[in-house]
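Features as listed in TrEMBL:
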type    : residues                                               : note
BINDING : Gly11, Gly12, Glu13, Gly14, Val15, Gly16, Lys17, Ser18 : ATP binding site
DOMAIN  : 9-198                                                  : domain 'Thymidylate kinase-like'
Amino acid sequence: MMSGLFITLEGGEGVGKSTQLRLLRDALQSQGHKVLATREPGGSPGAEDLRQLLLFGKNPLSLRAEILTHFAARFDHVDKVIRPALAEGRIVLCDRFTDSTMAYQGYGRAEGDPAILDLIAVLQNQLGLTPDMTFLLQAPRDVTRHRLAVRGVPTDRYEQADEGFHARIAAGFRAIAEQQTERVQSITTANCSEEAVNSLIMKEILSRLSHV
Ligand SMILES: Nc1ncnc2c1ncn2[C@@H]1O[C@H](COP(=O)(O)OP(=O)(O)O)[C@@H](O)[C@H]1O
Ligand SMILES: Cc1cn([C@H]2C[C@H](O)[C@@H](COP(=O)(O)OP(=O)(O)O)O2)c(=O)[nH]c1=O
């Protein structure tokens, strides 16, 4: 069976993940690669339903319920969309994945509580799928806040959270990158154009593809 390449983009809101996903998809497709671009929470019909609940549901879930719901969406997405695409030999580009649960729920909402980090790690293991490459996009919060204001889409539950929460998320992502240097590459997008960030990431992906 052929197997594709699983690439995730991570980072806080407004760092440029969706923009880069689009640019990467177009660049890889124009070079003849079969690509699937997808996102979390969501990416399959059932997971998109759960996304609505997670981001815009009227009633906040308890922390553990929230984690399990993110993973319920993720298992559906992995089983129905990501694994089949990888089995077809596609390059799967995914906007957010398990690192977001670690950062937002583990380091953000749970403030690094070891029992919660363990729960997330267990679920991650059960998933049985780890990205081949992860690009962690980073920019200072004042830059991303400004970008989000310009982008102007309705804010969801997480974007409305206080600044302490966003600082813990940023620190959480940095901790993940430090723990998993083989998989995670950090990229600062604050002072770079979209095109510059894109060519940096493309260079890494093409170098990886030439080795597989
Ligand atoms: N490198 C960049 N420099 C300046 N603005 C950017 C850059 N990348 C993205 N943007 C803009 O910032 C906003 C947020 O980008 P987006 O890709 O939606 O971020 P995310 O998916 O990480 O939330 C958008 O309006 C986008 O056009
Ligand atoms: C995948 C995932 C996302 N999230 C949050 C992060 C985002 O604030 C929100 C929605 O993601 P997204 O729509 O990608 O937001 P943005 O484009 O603004 O970066 O869901 C979690 O809290 N845990 C998770 O496991």
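Every residue gets a Cβ built from N, Cα and C, even glycine.
All annotation found in TrEMBL is predicted automatically rather than curated by experts.
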- request: Filter the binding-site residues Gly11, Glu13, Val15 down to those with CB closer than 6 A to an atom of ligand 2; keep them in sequence order.
  value: Glu13
- request: Have a look around Val15 (ATP binding site) and count the other CB atoms within 10 A of its CB, chains all included.
  value: 26
- prompt: Which value does the mean pLDDT take for the domain 'Thymidylate kinase-like' (9-198) in this predicted structure?
  reply: 95
Statement: Comparing local Cβ density (other Cβ atoms within 10 Å) for the binding-site residues Gly12, Glu13, Gly16, Lys17, Ser18 points to Gly12
- prompt: Which has the fewest other Cβ atoms within 10 Å: Gly11, Gly14, the binding-site residues listed?
  reply: Gly14
Message: Does any of Gly12, Glu13, Gly14, Val15, Gly16, Ser18 have a Cβ within less than 6 Å of an atom of ligand 1? These are the binding-site residues; tell me which, or none.
response: Glu13, Gly14, Val15, Gly16, Ser18
Statement: Excluding Gly11, Gly12, Glu13, Gly14, Val15, Gly16, Lys17, Ser18 themselves, the ATP site's Cβ centre has within 8 Å the residues Leu137, Ala139, Thr144, Thr189
